[in-house]
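Below is one structure, written out as structure tokens, with a few remarks after it.
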Amino acid sequence: MRRAAVLVAGSMGTALASLLADNEYDVTVWTRKEEQAEQMNRERKNRKYTGDFGLSERITATASMETALTGATAVIFAAPSHATREVARLARPFLDSDAIVIHATKGFEPETMKRMTKVLAEELTQIDPGRLVVMSGPCHAEELIQRSPTTVVVAADQLEAAQRAQDVLISPYFRVYTNPDVTGVELGGALKNIIALGAGLSDGLGFGDNAKAALLTRGLAEIARLGVALGGNALTFAGLAGVGDLVVTCTSKHSRNWRAGYMLGQGKPLQEVLETMGMVVEGVKTTKATYSLSQQHEVSMPITEQLHEVLFASVEPQIAVGRLMGRLRTHEIEDIALESAEKWTL
């Protein structure tokens, strides 16, 4: 019998639990709410997050972390970024040091601006940090749980850990690639949420495809600039954790960040948007953290800067757009321009 644990029972956690059950794991899903665990076990549905989707008989929910982790050889952390440290602390006493640990969280810890593998390494001291795995890419829980073909990337410092995670997750409808660039994969997954807010805001303002295409393209340039400055590989941002995740999050009706941005574009204040959503919108806190990181590392991120102004300085979206469009003229790709400087004539 193969056992796995998924922490916590949100939409992505439930979708990944379903995947593991299809892969013939007996899966225990942990939730901090006893009533949610009882409802899931009684009705065989996670009504709050995945509606009427029926849960496999291989899936059991529990509010006991010890019960969830006992015997688990694969453990997936799917908590929001602000809760990951607390969940890891609760898990530490019961986590087997030989278990493969995978996280599917796309964001920074708000207080410290640390990536999730850094947070997990600090809390799960019995696990070799090189064996911590991040999973990212274009993967909406709403589609994964319906077994729609999906492709992701897993990254770890140790190849064996990445390949082990690949073995745990891969299925006929879930293709998994490996990548050694943990930093780049985590940053791609986190930073695209900022651009998704912008894409939704653009649509909410009534702008067309031209504006969205420009936003995605220049947004990717910002993501790559900061990613490389923080140690990521530029090529990672051209892959599933970069372009792939960016496209799906900026264009899909399933995207929480797009929906939040859309409401902002329609003139709703941030607090009302968050209350209406009723779920975590990672892009809001990520925008704040990323703006600080860009200032610290002196990386130009004009889209992020203007979104920060809209979210936290009450700047009207139309004014922010005007500032972006009115920036000083510059080259599209500075490196190409510098390489060609001798060929250009005034």
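For all residues, glycine too, the Cβ spot is worked out from N, Cα and C.
TrEMBL: automatically predicted annotations, no manual curation.
Residues or ranges marked as signal peptide by TrEMBL: 1-17. Residues 24-32, 36-37, 40, 46, 49-50, 53, 55, 59, 61, 65, 68-69, 71-80, 83, 87, 91, 104, 139, 141-142, 144-145, 168, 279 of the same chain lie 6+ residues outside the signal peptide (1-17) yet bring a C-beta within less than 8 angstroms of a C-beta in it.
Taken from TrEMBL, the feature domain 'Glycerol-3-phosphate dehydrogenase NAD-dependent N-terminal' covers 5-161.
Within its own chain, GLU282 (NADPH binding site) has PRO80, SER81, LYS106, GLY107, ALA190, ASN193, ARG256, ASN257 as residues 6 or more apart in sequence whose C-beta sits under 8 angstroms from its own. Taken from TrEMBL, the feature NADPH binding site applies to SER11, ARG32, LYS33, TYR49, LYS106, ALA141, ARG256, VAL280, GLU282.
DSSP assigns LYS106 (NADPH binding site) to coil, not to a helix or a strand. Marked as substrate binding site by TrEMBL: LYS106, ARG256, ASN257.
Summarising the annotation, TrEMBL assigns sn-glycerol 3-phosphate binding site to LYS106, GLY137, LYS192, ASP245, SER255, ARG256, ASN257.
The average pLDDT computed over the domain 'Glycerol-3-phosphate dehydrogenase NAD-dependent C-terminal' (181-321) stands at 96. The domain 'Glycerol-3-phosphate dehydrogenase NAD-dependent C-terminal' annotation in TrEMBL covers 181-321.
The Cβ neighbour count for LYS192 (sn-glycerol 3-phosphate binding site), using a 10 Å radius and every protein chain shown, is 34. Residues annotated as active site, proton acceptor in TrEMBL: LYS192.
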Nearest of the binding-site residues (GLY137, LYS192, ASP245, SER255) to LYS33 (NADPH binding site), judged by Cα-Cα distance: SER255
Cβ-based isolation winner (fewest other Cβ atoms within 10 Å) among the binding-site residues LYS33, LYS106, ARG256: LYS33
Between SER11 (NADPH binding site) and LYS192 (sn-glycerol 3-phosphate binding site): CA-CA distance (Å): 19
For the domain 'Glycerol-3-phosphate dehydrogenase NAD-dependent C-terminal' (181-321), the number of residues DSSP places in helix, strand and coil: 110 helix, 0 strand, 31 coil
